[in-house]
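A.B. asks: Below you will find the structure I want to go over with you.
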Amino acid sequence: MGKLFGTDGVRGVANKELTGELAYKLGRAGGYYLTRDYKGGKKPVVLIGKDTRISGDMLEAGLVAGLTSAGIDVIKLGIIPTPGVSFLTSSLDVQGGVMISASHNPIADNGIKFFNQKGYKLTDEMEDEIENLIFNKLETIPYPTHEKIGVVDSAPEYYHKYVDYLKETVDSDFSGLKIVVDCANGAAYKVAPEVLKKLRADVMVINGSSDGHKINVNCGSTNPEILRQKVIDEKADLGIAHDGDADRVIMVDERGQVVDGDKIMAICALDMMERGVLNKNTLVTTPYSNLALKEIMEEKGGQVVITKNGDRYVLKEMLENGYNLGGEKSGHIIFLDYNNTGDGVLTALQVVNIVKRTGHKLSELAAVLKPWPQRLANIKVKYKQKLKTSELIKQEISKAEQLLGTEGRVFVRASGTEPVIRLMLEGKDEKRLLELEKKLGSIIEEELN
């Protein structure tokens, strides 16, 4: 990866690392890259969506200036989930899409990610080409004049097309189900409640503000505590928690217990296998998924393929090998039959559909997965790049792996979007995991600070 793009687009503190000027350059270079082979009679068109962060307007203005200066027309979608941009990009006659969001990150952060004409996130190689344009060839991009300059249109109503499509992905109506939805004060604030209501669910919304000052603050998929209590207090059938841009989902059963991405994947994969619609009886996951998921899939006659961490790598594996379900423990789940990226709202609908169709409570469905004990730590460091070269850390990881043997594993990686090292330990002996977490965490902290 280059200097700008991380594992999920360009991220940084808005107006510090991610400025209006950089947004302009990304608009020019990214727009030119996406449309340079366009041969249509009209000007090329790119969609822009955003989450609720207050910095979204500033970055949108920079992107619009960059895109239009490269001769590209822009349609502004307003506040819409990331997967909504992916869906609309693939279904409308446009040449690309851009989403302004930092997903589950803090309010001060923001990000920019691109989608190609088919609604797929760009590959590492494509992003490297855009970086090369920005750093070395920005002035070679043409500056059209007169009527060839791009123009801007606003179409916030296009989100209805996305809502209507989501509704068509399920075959039940949800009447009789009481559902609490935590929109994380983010991009799902309209879409998630609206589609559930159209499916006749009894919907209660929490954290549904769009003012941009509270996105992800003590709410959403990374902080489900308020949702858990609300589900219990309201005697709801289940709860749904999205993150800031609604590309992920975590659920809560009727008892207030969290149903994470692994359990959601288990529920959906086994249901799809039973109905004969899980391609090659295969689920694609990442190293963070619990080994119990592999265990249950194999027990039921399926298999799990593990790829690099990050939903783009899950998608790559799915596209290359014809799989149609994959995702991450965090709740990024891709149903390739329906959308080309992780979609939190769509995923929630598939699970609720299974609840309705089978008549089982969510707790009963989730009980199929009995996770091995796991320890997760996010260790803040100054020099995460040194992880690859530290011999001491490598030695300690090797010792931990030998200690756990076949009944556990160790996974350590540098975050692609934050200054942290992610440490995961998994095994059947929880006491041993805790001891190893303390020891490894301490060594990583000392070595990389």
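Cβ atoms here come from the backbone N, Cα and C positions, even for glycine.
Quantities reported herein were computed from a predicted structural model and do not represent experimental measurements.
According to Swiss-Prot, the protein has these features:
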type: ACT_SITE; residues: Ser103; note: active site, phosphoserine intermediate
type: BINDING; residues: Ser103, Asp243, Asp245, Asp247; note: Mg(2+) binding site
type: MOD_RES; residues: Ser103; note: phosphoserine
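Can you tell me where each of these features sits in the structure?
C.D. replies: Summarising the environment of Ser103 (active site, phosphoserine intermediate), the number of other Cβ atoms within 10 Å of its Cβ, over all protein chains shown, is 31.
When secondary structure is read from DSSP and collapsed to three states, Ser103 (active site, phosphoserine intermediate) falls in the coil class.
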A.B. asks: Taking only the Cα atoms, work out how far Asp247 (Mg(2+) binding site) lies from Ser103 (active site, phosphoserine intermediate), in Å, as a whole number.
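C.D. replies: Computed Cα spacing between Asp247 (Mg(2+) binding site) and Ser103 (active site, phosphoserine intermediate) is 8 Å.
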A.B. asks: Provide the three-state secondary structure of Asp243 (Mg(2+) binding site) computed with DSSP.
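C.D. replies: Asp243 (Mg(2+) binding site) sits in coil per DSSP, no helix or strand.
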A.B. asks: Hey, what's the Cβ neighbour count for Asp247 (Mg(2+) binding site) at 10 Å?
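C.D. replies: By my count, 36.
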